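Per Swiss-Prot, the feature Zn(2+) 1 binding site maps to Cys145, Cys148, Cys198, Cys201; the stated evidence is sequence analysis. Here Swiss-Prot flags Cys162, Cys165, Cys184, Cys187 as Zn(2+) 2 binding site. Taken from Swiss-Prot, the feature domain 'J' covers 5-70. Under the heading repeat 'CXXCXGXG motif', Swiss-Prot lists 145-152, 162-169, 184-191, 198-205. Taken from Swiss-Prot, the feature zinc finger applies to 132-210, supported by sequence analysis.
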Amino acid sequence: MAKKDYYEILGVSREADEREIKKAYKRLAMKYHPDRNQGDKEAEDKFKEIKEAYEILTDAQKRAAYDQYGHAAFEQGGMGGGGGGFGGGADFSDIFGDVFGDIFGGGRRQRAARGADLRYNMDLTLEEAVRGVTKEIRIPTLAECDVCHGSGAKKGSEPITCPTCHGAGQVQMRQGFFTVQQPCPHCHGRGTIIKDPCNKCHGHGRIEKSKTLSVKIPAGVDTGDRIRLAGEGEAGENGAPAGDLYVQVQVKAHPIFEREDNNLFCEVPINFAMAALGGEIEVPTLDGRVNLKIPAETQTGKMFRMRGRGVKSVRGGAQGDLLCRVVVETPVNLNDKQKQLLRELEESFGGPASDKNSPRSKRFFDGVKKFFDDLTR
């Protein structure tokens, strides 16, 4: 089945900048995150699809390859999958160069491959994301063999020059009227072979190993942010540089607050008496409780801004705000006395659409009356 266009998956144009892509990813990731859709296989697949699109389109090199060649750009090297908490990566820098080199005879001795990049998906609470945290993670990886130190050869020996290509890493083959160069089938393009392989890594130069890392998450990170740990990916072949580890941040849904950029939003219920008469209530912030003054005659939906009570930007600068949206709660489970008091209060208003006490209701019912009057003319 044909893969869906990455831009369509995120709902952005092909000209979208990184900020637009990140914003789209955050919105969709929150919607389809497995924590919010437990047991929903379709949502889980959609979440993986969104993550894959985000990882390609926020990497300048991979995005350029995708824009030019589409999904075919990643079919040879394979990209790190989005499943689970851990995934492998690939270096795409030489995919097309190697193809054209083989065709036109421009092949060369294959260099020792840099280690693959790794990805670790880290879930954070909102509090951890806002304040910053240091976490220990354990990752499986390929590490340099501690016996042969990456050479692949038994201790006391060294790799020898390949007798087939004489160290060139390439052999010439005739195809019709053309002579082309291809990687040596004996040494696989390395130019050397291991006659006496290391007993521990069996000539690979690397061994499977788990390692524990301490990762410092800076204050202010958000869903979609990525932290790079240089050299903490898989070990390279034959002493080549190691890849990098990318920690991908995902902030869990919070029971009270919602975050948008550096602002926090929360919904604050008040009873109708306080809405009418005004008063003071305690509202939560990430730094503790603070008092919020409610003016008399406050309506449902009124938004109160508490400056500097939001999230401090991870890149420095001003701190966001906390925006509290008031919701007037209708009382329930009334006793007889309370019901009687409310009836008396309603009578004192002069009906449900009093011009003085309920101007919005008055305007609404006047509009309804005019609407029906116009229909009957």
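Glycine too: its Cβ is placed from the backbone N, Cα and C atoms.
Cβ contacts within 10 Å of Cys165 (Zn(2+) 2 binding site), excluding its own Cβ and spanning all protein chains shown: 23.
With helix defined as DSSP H, G or I and strand as E or B, the zinc finger (132-210) counts 0 helix, 35 strand, 44 coil. The residues near the Zn(2+) 2 site, meaning same-chain residues not in Cys162, Cys165, Cys184, Cys187 whose C-beta sits within 8 angstroms of the mean position of the site's C-beta atoms, are Pro163, Thr164, His166, Gly167, Ala168, Gly169, Gln170, Val171, Pro185, His186, His188, Gly189, Arg190, Gly191, Thr192, Ile193, in sequence order. Considering only the binding-site residues Cys148, Cys198, the Cβ with the fewest other Cβ atoms within 10 Å is that of Cys198. A sphere of 10 angstroms centred on the C-beta of Cys145 (Zn(2+) 1 binding site) encloses 21 other C-beta atoms. Cα to Cα, Cys162 (Zn(2+) 2 binding site) and Cys198 (Zn(2+) 1 binding site) are separated by 18 Å. Calculated from their C-alpha atoms, the gap between Cys198 (Zn(2+) 1 binding site) and Cys184 (Zn(2+) 2 binding site) amounts to 22 Å. Note on proximity: of the binding-site residues Cys165, Cys184, Cys187, the one nearest Cys145 (Zn(2+) 1 binding site) is Cys187, by Cα distance. Within 8 Å of the centroid defined by the CB atoms of Cys145, Cys148, Cys198, Cys201, the record's Zn(2+) 1 site, lie the Cβ atoms of Asp146, Val147, His149, Gly150, Ser151, Gly152, Ala153, Pro197, Asn199, Lys200, His202, Gly203, His204, Gly205, Arg206, Ile207, excluding the listed residues themselves. As a summary of secondary structure, the domain 'J' (5-70) carries 48 helix, 0 strand, 18 coil according to DSSP.
Long-range neighbours of Cys187 (Zn(2+) 2 binding site) (same chain, six or more residues apart, CB within less than 8 Å of its CB): Cys162, Thr164, Cys165, Gly169, Ile193. If you take the Cα of Cys148 (Zn(2+) 1 binding site) and the Cα of Cys184 (Zn(2+) 2 binding site), they are about 24 angstrom apart, rounded to a whole number.
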